[in-house]
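Feature annotations, reproduced from TrEMBL:
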BINDING   134, 165, 191, 239  divalent metal cation binding site
DOMAIN    291-401  domain 'VOC'
DOMAIN    427-566  domain 'VOC'
BINDING   430, 498, 574  Mg(2+) binding site
Ligand SMILES: O=C(O)c1ccc(O)c(O)c1
Ligand SMILES: [Mg+2]
């Protein structure tokens, strides 16, 4: 379907916004009137620029407070409308958004709304313009799309239809199913926005917190499916008022925006199944990744990380035959230590490899979703893995699901040791990636659309340097879990990232690691006193936890035992044992960890 975006979604001047939309690959834009009013270019110049850029000007918006008014006010509204219609002709535009009256309406009567819209429709027809009437969630009288449609039906004018905006409908909890009752050709325009599920007044929610589809909590695929069932065939347009996107790079936001639409179109097509029409584009269907292939830590000198991995029981498997890269493994957990092009860099998580069944299809999907490709030097005979840069800069590699116990690329490593004993670590449980605040929502969309991971409900963790917002992106079977943590503004330096390894016997592993000299993150005694109060723990277990510096959590019948290593550069490791189907991450313990890390930093 055609794609469009309101200029209000982006930062910059009108012409910068237009260039960003065209560069990302949008078909058209909604011209937000204040952007035009503030522009030095004439309407004719904007029209000419849109043609040069290959963008259609799909919707002029908004025209406010038109209907439900006394006759004198309505006469003034007609005069105001005529000026805007003449302006639209200069822009070469044919559709104007009329939002329901929030301010000047005094007459709560559908007959009056319909008669006034009909009269406006006559005026618009003389300029070859169509009016799309939109119920704002905070409209004075019309605040529900179903009432807006009743008014439009009653106006019965070929130039008057409705504009549907997912935010106004879903924020109020109005059932979108009745959209299917509206004839598709009377839906003149469709605006799409997601939002986090907040409880606050709808106007502030709408003006500051809207998000691109896939970044919030609304069911937009289900919503769009209703609109498509109604027979709507116009553009899919984004209208996202958001404080962050208004101040960040418009080129980047525009790419993120188009990614959200391509993802949503595919989701709606899945939702519709065999009902889907021919114009709805699908993405390559790749299934979800089945596991973590590797985690890469990059550093100028990875020596300290090697020490910690050895203490945790990892085996050094060798150096890469042509690069300054080493491989450490335990069970199916593989850690690559990369010392290339890392001058001055403290150890940090640089890349995560995931296992997919069809890397080419996954790469094609990522390309279609405008994921920036990463190019790394590979030499003849080496396995070349497609990679993309996530919004936080983490490089995501797409590897093939291995046939045997080891990924094929591990054969490129030489002169290592063969794993000797029984491995206690079985695999990578989760990777925790710190997100700069301005890219957080983009990261949620990136990991859900490109990798097909599902966002879990967000959680706030109180740390001594600020609240850390956390959202886990995971595959259905839990083999991939990426915890995205928002960097609190109060922390000058980035929070460390971490890699958590799963094991079946964390007590033994902790004992062995201690014997090898591992420095764990210290846990205060107060924590264990509180544990004893909260849970009716076996005193012997409590003593073991206290002795080894292990943390503990419980959900239902499940139990979680875990510990953290000290931080090396910007990375630390965690070892976790999940008992009895425990599915969380020990969130209750996170404040203790954050405080201990701050104290030892
Ligand atoms: O917040 C507003 O005023 C506003 C304006 C136009 C829209 O389409 C909308 O959804 C909201
Ligand atoms: Mg709208």
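Cβ atoms are placed via backbone N, Cα and C, with glycine included.
Predicted automatically and left uncurated, TrEMBL annotations should be read as such.
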Packing count at residue 191 (divalent metal cation binding site) (other Cβ atoms within 10 Å of its Cβ): 25
Environment of 430, 498, 574, the listed Mg(2+) site - residues of the same chain whose CB lies within 8 A of the CB centroid: 429, 431, 432, 483, 499, 500, 501, 564, 573, 576, 585
Assigned element (helix, strand, coil) containing residue 239 (divalent metal cation binding site), judged by DSSP: coil
Secondary structure of residue 165 (divalent metal cation binding site) (DSSP, helix/strand/coil): strand
Cβ-Cβ distance under 8 Å to residue 239 (divalent metal cation binding site), same chain, at least six residues away: 5, 6, 8, 9, 30, 165, 167, 191, 192, 193, 210
Those binding-site residues in 239, 430, 498, 574 whose CB falls under 6 A of ligand 2, listed in sequence order: 239
Three-class DSSP secondary structure - residue 498 (Mg(2+) binding site): strand
Close-lying binding-site residues around ligand 1 among 165, 430, 498, 574, where CB distance stays under 6 Å: 165
For the domain 'VOC' (291-401), mean pLDDT (0 to 100): 93
Structural state census, the domain 'VOC' (291-401) (DSSP three-state): 19 helix, 46 strand, 46 coil
Cα-to-Cα gap, residue 498 (Mg(2+) binding site) vs residue 134 (divalent metal cation binding site), nearest whole Å: 47
Cβ within 8 Å of the mean position of the Cβ atoms of 134, 165, 191, 239: remaining residues of the chain near divalent metal cation: 97, 163, 164, 166, 167, 168, 189, 190, 192, 193, 237
